[in-house]
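Engineer: So Swiss-Prot lists these for the protein:
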type     : residues : note
SIGNAL   : 1-20     : signal peptide
DOMAIN   : 25-114   : domain 'Ig-like C1-type'
DISULFID : 45-100   : disulfide bond
């Protein structure tokens, strides 16, 4: 009988322990195809390895939020950390600057990562 009480208690303690663990997101910004000025492409922001799941991701053009952005469903890895992909169509050129801005409880201020067209 004691075994049936201890096991559920251990499960509850484990679950509450997961909520206390915080991991900052890894942010990767890249284009689907190699950058070619004037040719349509997709800008991607892959955010991974974060916990808890509450996160805000914005794609930026010249520091301003891009409104027409799509994203994958929130998913989790074997280690219970989360990941997401945000993406939008764009046409690269020499003058515009693109970036991904992420807000998460592990950051004191939002973190912005610029797109490097040479990556």
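These residue numbers are counts, starting from 1, taken along the chain as shown.
Every residue gets a Cβ built from N, Cα and C, even glycine.
From a predicted model like this one, the values you see are computed outputs, not experimental measurements.
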Engineer: Give me the long-range Cβ neighbours of residue 100 (disulfide bond): same chain, 6+ apart, Cβ under 8 Å, in sequence order.
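Structural biologist: Looking at Cβ-Cβ distances below 8 Å from residue 100 (disulfide bond), excluding near sequence neighbours, one finds 27, 29, 45, 47, 57, 58, 59, 60, 86, 112, 113, 115.
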Engineer: With DSSP as the reference, give the number of residues of the domain 'Ig-like C1-type' (25-114) in helix, strand and coil.
Structural biologist: 0 helix, 50 strand, 40 coil
